[in-house]
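What Swiss-Prot annotates here:
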MOD_RES   A2  N-acetylalanine
DOMAIN    9-91  domain 'Phosphagen kinase N-terminal'
BINDING   G64, V65, G66, V67, Y68, E225, C271, E314  L-arginine binding site
DOMAIN    119-356  domain 'Phosphagen kinase C-terminal'
BINDING   122-126, H185, R229, 280-284, 309-314  ATP binding site
Amino acid sequence: MADAATISKLEEGFKKLQGATDCKSLLKKYLTKDVFDQLKAKKTSLGATLLDVIQSGVENLDSGVGVYAPDAEAYTLFAPLFDPIIEDYHKGFKQTDKHPNKDFGDVNQFVNVDPDGKFVISTRVRCGRSMEGYPFNPCLTEAQYKEMEAKVFSTLSSLEGELKGSFYPLTGMAKDVQQKLIDDHFLFKEGDRFLQAANACRYWPSGRGIYHNDNKTFLVWCNEEDHLRIISMQMGGDLGQVYRRLVSAVNEIEKRVPFSHHDRLGFLTFCPTNLGTTVRASVHIKLPKLAANREKLEEVAGKYSLQVRGTRGEHTEAEGGIYDISNKRRMGLTEFQAVKEMQDGILELIKIEKEMQ
């Protein structure tokens, strides 16, 4: 049972949400009085309550989603809130649906989407993973953060070939190393206000670290938003190469570290928007003609379930007509299908851009 102080904070938060008429978050949409009353006293075995789930969305009324999972059990215990939000965000992943088993498919189906190098500046594919036996950020102790970092360090240190590299803990990082990682756009900063409010940044920078290979095409973030973010990237449009590198890395890491997986929801992550495959395949792409015709851009993006963001990711503008375009769907389809959909969409956008020139 949640304690009285928590429940009174929850009542306050619920009232604030109800009163916020211009709040458009999925939290507000699905946290009805019935659902609220059903869940407000519940507590996971690690001690997480509904407050941990909703506090970021209560504090930041401009959130798109507004909920985070404090631990794996939260997805089950607070399902009356999570399930409809997941269904809404993941476009029809119904509460009776089951996410398919992991399937990276035939990695040779992926190509260089821009062999002439005219449009695509860089290509990146990432996935998130949570380590089994540990809660997500809000419930982690400092000792757990450090223990996880040590496990990740020893796992990554044994990688060989193209994936071989170095691990840099954020704690006690030398200024010159820090600057170098910032210049390479590798260093992650302490979480934004959405993550801060979700208590995702406690004991910072304890237990946080960055690994990258010698070519700087493979990167692992340890304990940023998720326990692990595994990233493969390079300049240009060779999606095939980027995808193959990611798949071999994930397979290698998985041999040594068991990941949290849910029968229905797939791989578990802190934010419900990343569940399932957890895969985000993206390009930084110059589309000057389509940039001037935003409606057409959005129409094609919609057809292939692509998400169009500004150059520096979420909540940013496109600088010089350069967009960050990625697959939007992560659930109810395989890893292969998610990336294939993105490849098809990017090829189509490039074709249209060429026709408009």
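In case you wondered, yes, glycine gets a Cβ from its N, Cα and C as well.
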Binding-site residues listed as V65, V67, least Cβ neighbours within 10 Å: V65
G64 (L-arginine binding site) CB neighbourhood, other CB atoms within 10 A: 15
List of residues, in chain order, with Cβ under 8 A from that of Y68 (L-arginine binding site) and at least 6 apart: D52, V53, S56, F136, N137, P138, A198, A200, F270, C271, P272
Candidates R229, R309: member of the binding-site residues with the richest Cβ shell (10 Å): R229
Residue among recorded positions A2, G64, V65, G66, V67 with Cα closest to the Cα of R309 (ATP binding site): G64
Secondary structure content, the domain 'Phosphagen kinase N-terminal' (9-91) (per DSSP, counts of residues): 48 helix, 2 strand, 33 coil
Sparsest-packed of the listed binding-site residues (S122, S282) - C-beta count within 10 angstroms: S122
Nearest of the recorded positions (A2, V67, E225) to V125 (ATP binding site) - Cα to Cα: E225
For G66 (L-arginine binding site): intrachain residues, at least 6 apart, with Cβ closer than 8 Å: S25, L26, L27, K28, I54, S56, G57, V58, N60
Distance, E225 (L-arginine binding site) to S122 (ATP binding site) (CA atoms, angstrom): 23
Binding-site residues: V125, C271 - member with fewest neighbouring CB atoms within 10 Å: C271
Under 8 Å by Cβ from A2 (N-acetylalanine), counting only residues of that chain that are 6 or more apart: L10, K40, A41, K42, K43, T49, L50, L51
All-chain count of other Cβ atoms within 10 Å of E225 (L-arginine binding site): 22
